[in-house]
Amino acid sequence: MEPAMEPETLEARINRATNPLNKELNWASINSFCEQLNEDFEGPPLATRLLAHKIQSPQEWEAIQALTVLETCMKSCGKRFHDEVGKFRFLNELIKVVSPKYLGSRTSEKVKSKILELLYSWTVCLPEEVKIAEAYQMLKKQGIVKSDPKLPEDAIFPLPPPRPKNVIFEDEEKSKMLARLLKSSHPEDLRAANKLIKEMVQEDQKRMEKISKRVNAIEEVNNNVKLLTEMVMSHSQGAASSSSEDLMKELYQRCERMRPTLFRLASDTEDNDEALAEILQANDNLTQVINLYKQLVRGEEVNGDATASSIPGSTSALLDLSGLDLPPPGTTQPATPTRPGNQSSPEQLSASVSLLDDELMSLGLSDPTPPSGTSSDSVGWDNFQSSDGTESSVPPPAQAPSMDCRPPAQAPPPTSSGLDDLDLLGKTLMQQALPPEAQQVRWEKQQPAPRLTLRDLQSKSSSPSPGAASLLHTTSPEPPGPPPQATPTEFSLTSITVPLESIKPSSILPVTVYDQHGFRVLFHFARDPLPGRSDVLVVVVSMLSTAPQPIRNIVFQSAVPKVMKVRLQPPSGTELPAFNPIVHPSAITQVLLLANPQKEKVRLRYKLIFTMGDQTYNEMGDVDQFPPPETWGSL
């Protein structure tokens, strides 16, 4: 019985590729040598030793073939091989062939010219391999290189795209251990190496299964979303039959079942921002079509919004005031979380829902926001600003109006109507719209201004109303002039509150701020700026836990340089339960407002405090991965 054939070695392939009996270049053998070099873990160092021996052959044809193999490998084998060629150990073997002190007197001019041509082409194409350039310059100084050779067109090769990493060997520690075990001659080490290889292969198989599962799930979501959207739009035009309604209902139920699947996929997607962005987009589409079905087919309200109320002009509070010119406010007041009144469309609703967290699932959109205390801006690196208004010992600079400029706005009780909340917000924003001269007057000495509702503001946003003009006249001793240039005291954020539901996500990928101990904090950037405040960036801070223990007493604080201002609105909670992949997990979201009127490069310092088990963590760090300030108005 014939013994089983062993796989061909690199040495056998190089012998066949450089055989002196070859009538012409054996490109099949050359390419197979390059392919195996890429596949073998120890391929590059072994290949350079074999090539050095062949290049020093006294037979010119064998040496020329070896140099052709070397040139081909440099063009197709990537950085690992470049690093081996760029070592003095291999370069010295080439220098021996061209130097008269060694083999130069016995080497043909054709071989020496080819070596010098290769060295020069590598200095041009691989400037990062400095040792190659040093070797070539040394040959110049010794007079071996009289002038730079003229390179043929195919000598200056474009660098190949980076080869995809073999994930099995990405773990540096395991790779080093495996290399050490394979070099050992002890049977125990070889058995350990075999076991380690099996473990690494199994890990890679699990990773590939996760990727396949994610791709299939996203594809299924996109197909269901597309079909359900078409059927819902057809239903809204009155062209749907009873059978199509049953199909719509089935598609809707299928979309609902895909929500926890997307969340689990996001939980398994650890640090792959590109894959996470695909999941975000799929969930955004899923949420949009679910809300569209509820509104147009069932006629249900979605987060206080019904199709019947989605009429022109019935937009959210901030959009109602988009026509007003809001100069930087100079007053302070307690931050009051407001609830959205009406949404303009299902697209706005779904976009805001999709921004709430990294995983975008089960984030408690209907949970009541805890009442906030007085917020204060961060005045520098020494002051961390948090949602409860507490800071370090350095007090913030005094604002021009005192705190008693108007009655503090109380958090609306659960039974209050949405219009009352919007009217209160309308009054607040109207006072912000006053010029700085009018805000310098102490309000307690004036007669209270008539309370304008949000609808009044909407109808009069294009031109100042007589009431507003009289208000300016009675409160300002001088006629208002052009608004002055913004100063550090005029871009306060304390009177601005952005409802989470009104935020739309941008196309920028989220930034991971903190990811340790199973606790993850991310920054999501809003697409639209605040009306009249293009210097303000709206960020949603998302906190999610995959830890096996509950996380309590979570506090996120932030600070920026003194030329900027930062404010954190109250978080949606301070505790996260232990992670359970079966049930929908909780998450914490918090709106961060960042004012940067001078458009400086942003560097934010954060402090994160939380308790996990019996241990309290106090983490600090910096974040500078913000969009360029000049693009804040159109992310």
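Note that Cβ sites are derived from N, Cα and C of the backbone, with glycine treated the same way.
Predicted, not measured: the structure shown is a model, and the values here were computed from it.
According to Swiss-Prot, the features are:
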{"type": "REGION", "residues": "114-273", "note": "region 'Interaction with ARF3'"}
{"type": "DOMAIN", "residues": "171-298", "note": "domain 'GAT'"}
{"type": "MOD_RES", "residues": "SER185", "note": "phosphoserine"}
{"type": "REGION", "residues": "299-505", "note": "region 'Unstructured hinge'"}
{"type": "REGION", "residues": "305-349", "note": "region 'Disordered'"}
{"type": "MOD_RES", "residues": "SER354", "note": "phosphoserine"}
{"type": "REGION", "residues": "362-422", "note": "region 'Disordered'"}
{"type": "COMPBIAS", "residues": "383-393", "note": "compositional bias 'Polar residues'"}
{"type": "MOD_RES", "residues": "SER417", "note": "phosphoserine"}
{"type": "REGION", "residues": "455-490", "note": "region 'Disordered'"}
{"type": "COMPBIAS", "residues": "477-486", "note": "compositional bias 'Pro residues'"}
{"type": "DOMAIN", "residues": "506-627", "note": "domain 'GAE'"}
Secondary structure content, the domain 'GAT' (171-298) (per DSSP, counts of residues): 113 helix, 0 strand, 15 coil
Secondary structure composition of the domain 'GAE' (506-627) [DSSP: H/G/I, E/B, coil]: 0 helix, 67 strand, 55 coil
Integer average pLDDT (0 to 100) for the domain 'GAE' (506-627): 89
